[in-house]
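What TrEMBL says about this one:
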DOMAIN    31-126  domain 'CopC'
TRANSMEM  155-175  transmembrane segment
TRANSMEM  187-205  transmembrane segment
TRANSMEM  232-254  transmembrane segment
TRANSMEM  266-286  transmembrane segment
TRANSMEM  298-319  transmembrane segment
DOMAIN    329-441  domain 'Copper resistance protein D'
TRANSMEM  331-351  transmembrane segment
TRANSMEM  371-393  transmembrane segment
TRANSMEM  424-445  transmembrane segment
Amino acid sequence: MRRILVVAVTFLVMATTSIGFGLGVPPASAHALLTGSDPVDGAALDVAPTRVTLDYSESVRVSRDSIRVLDSAGRRVDDGRAGSGPKASQATVALRPGLPNGTYVASWRVISADSHPVSGALAFGVGGPPDAAAAAASGTSGSSTVGVVFAMARFLGYAATALLLGVCFFLIVLWPTGLRAAGPGRLLMAAWGLSVFAAFAQLLLQGPYAAGLGLGGLGQWSVLSTTLADRFGHLLLIRLLALALMVPLVRRLLRTGSVDPRGNGELAGLGVVVAVTLAMIGHASVGDLAWLATTSTTVHVIAMSVWIGGLVMIAGFLVRRASATELAEILPRWSKIAVVAVVAVMVSGVFQGWREVGPPRALIDTSYGRLLVYKVWLVLGMIALGALARRWVRRQYRTNRNQPAGRPDRSSHAVLLAGLRRGVMAEIVLGAVVLGITAGLVNMVPGRTSYSPPFSDTTFAGPMTVKVRVSPTRVGAQTLDVQATDPSGKPQKLVEASVALSLPAADLGPFTVPLSLAAPGHARSDGIRAPLPGEWQLRLTLRVNDFDQYVTTVFYQVR
C-alpha cells in the first residue's frame, strides 16, 4: 500500500506539472482581450462577409456555440459551428450566404487560458453603418446566480484547504498528542469533506459558468464533458484524486495517534499537489513568468494555510485543552513558525501584486487594485494582532538563565489565555474575509489588463486652445470631451463640432462622429469606438460661426 501511495503522489506531481507547463500555454495577460476582428466593430460594408473572425491576446477555448451572429430581427445568421481559427488565439464562425443589407451583431463567449469566460459583442452593417441601438442591446453576461454560487464554491475551497493543510501541519509538527483528541480529528475530516465538496461543486459549475447558462446547465452531460476535457477539469480531477489518497493516511494518523515520518512525507506531498492545483486555476498560470508565479502562489497558499489552520487550532482546541506544560512548549514554537509563514505570505503576495496590478496607479483606478488594497489592509491587521500575540507569548514563556524554559508567570494565567484566544479569534475572522476577497480576485480581470488611464492633451486650433480627453483608452466604446477656449481664456462658443477617428497603421477609417455641444466651449461624445488597439488619430473640426471653422489633430494610444 505504501509503495502505491508513493507512486501515486509522484504521478500526481508530474501530472500537475505537465498540465501547467507542458501543454504549451503561451505567455499572455490573464483574461483574454479582443485585439482584432474581421469585420471590425462599427464597420460599414458594401458586400456581406462570409464569416466573422475574432483575434484575442491569448489562446482561447471555443465551443460550437461560442459565437452567435444575429440580424436586426434577432434571427441567427451564422451556421452554428464556431471553432478555432488558424491560430489558437482566434475564434471564427461562417455566415449564411447572401445576407441582405442591414445591421448584424456578433456576440461571443469564449474561455481564456486562465479558465475564465470572456464575452462581448460587436456590430457591423451591410449597405451602411450599423444601428448603434442594436449593438447596445446585445448581451452575453451569463447567469449572475451561477457566478455567485461559483464564487462561493471557490471561497469554500480556499477555506477548506487552509483548514485541511494547516490543521494537519499543526497536529503533526506542533501538537502530536492532539491526534488522540476527538475534536481536532473531527475538524480535520470536516475540512477534507468540504474540500471534496468544493472541488466537485466547481467541476459541475464551471461548464454553466463558462457557457453563460443558468443552474439548469448542471444536469447537462454535454456541458460537464466539456469541462472534463479541458485544463480546468484536469486540475480539479487531480485535486480530487489527491484528496482521495489522503484518506488512508489521515485515518491511520488519527487511529494510531502517533507521527509516522514516511506517512507524513506522503501526506505532505499530497498537500502540495492540492495547493498547486489551487494556484494553477487562476491568473498565476498564464502570462509572463508563469512558472515563477505558480510557484509563488503555491507558497502563498501553503503559508496561509499554516497560518490560518494554526490559528483555528489554537483558538478552538489548544488553549482550552492543552496542559500548561504543553502550552509552554507549543506556543513559543508556533510563534516562530507563524513569523516564517507571515514572511512567506508577504513576499509571495508582493510579487503576485506587482505581476497582476502593473502600474501603481492601477491600485486606485481599477476594481482589482482597490480590492487588493483592502486585502492588504486586512492582512496587515492580522499581522498586527499576531504581533501582539507573539509579544504575549514571549512575555509569558520567557527563557533566561535564572528561570527554566517554559515556566510561565501563573498570576492571572487563565485570564491572559482568554485574552489570547480572543485575539486569535479576531485574526481568524480577518483571515476568513481575506479568503473571501481572494476568491473574488480570482474571478476579476487583473489590474494590469483592465488598467486604461484616460488620455489628455492640449493643442491649438486657430486662435483657440483645445483640451482633449479620451476615456477609457482600451478597445471598445470611449468618451471624448473637448474644451475650447479663446485667447483670453474664456470658453469659446461653438456652432458645430465633429471628430474623424482613424487608425493609419491598419488603414482603418476615418469614422466621422458628430459631437454634442454640452455647454459653451464644451463638446462631447459617448459614441466613440476604437475596435482595434494601436495609435489612433483624432481629427477635430470645430466651427465657431457661419464662416470660420478650425481643424486640429491629436494621436492617442489604445490598448
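Here the Cβ of each residue, glycine as well, is placed from N, Cα and C on the backbone.
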**Report entry** Paired segments the transmembrane segment (266-286) and the transmembrane segment (155-175) in contact, 3+ CB pairs under 8 A
**Finding:** yes
Query raised in the report: Do you know the DSSP helix, strand and coil residue counts for the domain 'Copper resistance protein D' (329-441)?
Result: 92 helix, 2 strand, 19 coil
Query raised in the report: For the transmembrane segment (187-205), which recorded stretch in the set 155-175, 331-351, 371-393 gives the largest number of Cβ pairs separated by under 8 Å?
Result: 155-175
Report summary line: In this predicted model, the domain 'CopC' (31-126) has a mean pLDDT of 85
Query - Remote residues contacting the transmembrane segment (371-393) - C-beta distance under 8 A, at least 6 residues beyond either end - result: 307, 331-332, 334-335, 338-339, 342, 345-346, 349, 353, 356-357, 363-364, 416, 419-420, 423-424, 426-427, 430-431, 433-434, 437-438, 440-441, 444, 447
Query raised in the report: Looking at the stretches 232-254, 298-319, 331-351, 424-445, which one shares the most CB pairs under 8 Å with the transmembrane segment (155-175)?
Result: 298-319
Query - Touch test for the transmembrane segment (424-445) and the transmembrane segment (232-254), at least 3 Cβ pairs under 8 Å - result: no
Query raised in the report: Using DSSP, how many residues in the domain 'CopC' (31-126) fall into helix, strand and coil?
Result: 0 helix, 52 strand, 44 coil
